[in-house]
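Record features, source Swiss-Prot:
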- 40-60: transmembrane segment (TRANSMEM)
- 85-105: transmembrane segment (TRANSMEM)
- 115-135: transmembrane segment (TRANSMEM)
- 153-173: transmembrane segment (TRANSMEM)
- 193-213: transmembrane segment (TRANSMEM)
- 230-250: transmembrane segment (TRANSMEM)
- 258-278: transmembrane segment (TRANSMEM)
Amino acid sequence: MTLFEAIMLGIVQGLTEFLPISSTAHLKIVPALLGWSDPGAAFTAIIQIGTLAAVLMYFWRDIITIVSAVMKGILKGKPLESNEARMGWMIAAGTIPIVVFGLLFKDQIETTLRSLYWISGALIGLALLLSLAEWNIKKHLSGGRPLKTMEQIGWKEALLIGLAQSIALIPGSSRSGVTITGGLFLNLSRETAARFSFLLSLPAVFAAGIFQLYKTWDIITASPGNIMNLAAATFTSAVVGYLSIAFLLSYLKKHTTTIFIIYRLLAGILLLLLLSTGTLLP
């Protein structure tokens, strides 16, 4: 991998991690289209530390408030006393499913499920689910019922959105896509679903990135070029990811996710056509 390729993949990661279009799919598809080598599951997980940094930078006030409230609640023996403390525990609860499924299906995630056929199916499948979730929101609003805010996320919402996040272990599904979809099915507002999705990503993405960094440390440090490429890709993904978060939260205040549904459908269908004609290999 050249430095240019690493920077380009960092841009792809930053652009697609938070938009509901799947960063893993694009990190697999873009190199295939350009004739580059597959960066692999480890590279993908490690540069997600960059987008993790983007979440930390964007939500640093929220994160400090949540962590502080959780600690105060524990010390006072009232862990759910404040909304901020409750949110901390909701994030923890929502993280449990992806940890369990990630450990159970780690080998399949890193091998079989990285096939472009799986990715094309996931792109199309989640587009259909997201369209159903949008229909649910419109139906809910047409009945004159308000959508839920961050303060109204409880154990049920946290665990179900956490289960939805587990689907993101399938490349092409999109972690933000499945969690936002889950949130919409549970009648969260689009902005609330996205905001909770981003905060929920912190523990899982951090754990996956650190694990892959530890597992591949010898390979990374074997060449200065490897270190430079990973550093460049991670830094780039952090900067671009920050801008992507700001864009999506602003966009969802006034718009639906229709544009992303259409994009996923077109990308999935195009990918299937390229595979069927032999232009791309799975």
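Including glycine, each Cβ sits where the backbone N, Cα and C put it.
Counted as Cβ pairs under 8 Å, contacts with the transmembrane segment (153-173) are highest for 85-105 among 85-105, 115-135, 230-250, 258-278.
Between the transmembrane segment (40-60) and the transmembrane segment (193-213), three or more CB pairs separated by 6 or more residues in sequence fall under 8 Å, so the two stretches touch. For the transmembrane segment (193-213), the partner stretch with the highest count of Cβ pairs under 8 angstroms, out of 85-105, 115-135, 230-250, 258-278, is 85-105.
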